[in-house]
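What TrEMBL says about this protein:
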ACT_SITE  C86  active site, glycyl thioester intermediate
COMPBIAS  148-162  compositional bias 'Acidic residues'
COMPBIAS  163-174  compositional bias 'Polar residues'
COMPBIAS  178-193  compositional bias 'Basic and acidic residues'
DOMAIN    1-148  domain 'UBC core'
REGION    148-193  region 'Disordered'
Amino acid sequence: MAIRRLQQDFRQLLKNKVEGIDASPSSENFFIWNAIIFGPEESVYEGGAFQLQFLFPEDYPLRPPQVRFTTKVFHPNVWWEDGRICVDILKDGWAPSYDVLAILHSIRLLLVDPNPLSPANLEAALLYRDNRAEYNRRVSQMIQDALDADDEDEDEDDDADENINNGDEVVTQNDDGDILREKSTIHRDSITE
């Protein structure tokens, strides 16, 4: 039942493209999905690209998936340590009629409209409630730090002495002559746009 439903959810995502939201199953396990949400325009999260991971139970859609941000997010309803998200649609408010797109919409709306009365991150909730300017500064700094880290990663990739592409394995030799092997997976083009 779960696989059939996940296939249906994936077809819906392909059919109903939504700007700023995308998701796809892992090439190795259909119960693990990767997603991306771009910060909503005219919000403090604008300019951010936030990656998420979905872990679906075998009885999905009877039970909701576990969803967490893999990108650091400073938000009242996101645990800082592991990126887990505190939102009704993934807890008591779950209904089997919800699909991946509905979950992503709900999380994107949560970025714009946090619920500081049900905090996962108490510090973010208190700043959001009591000092919005500092909250906005922290969010903006977090987004800038992520962008800077991405730039550094790209620079490190350019500095590698040798890259050999063997199908879905990348072999890299660093300055010390050590051989590094990485499994590379290419997801749908739209997830990286």
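Glycine residues also receive a Cβ, built from the backbone N, Cα and C atoms like all the rest.
Counting only residues at least six positions away in the same chain, the Cβ atoms of N77, V78, W79, N115, S118, P119, A120 sit under 8 Å from the Cβ of the residue listed as 'active site, glycyl thioester intermediate'. Helix first, then strand, then coil: DSSP counts for the domain 'UBC core' (1-148) stand at 56 helix, 27 strand, 65 coil. As a whole-number mean, the pLDDT of the domain 'UBC core' (1-148) in this prediction is 95.
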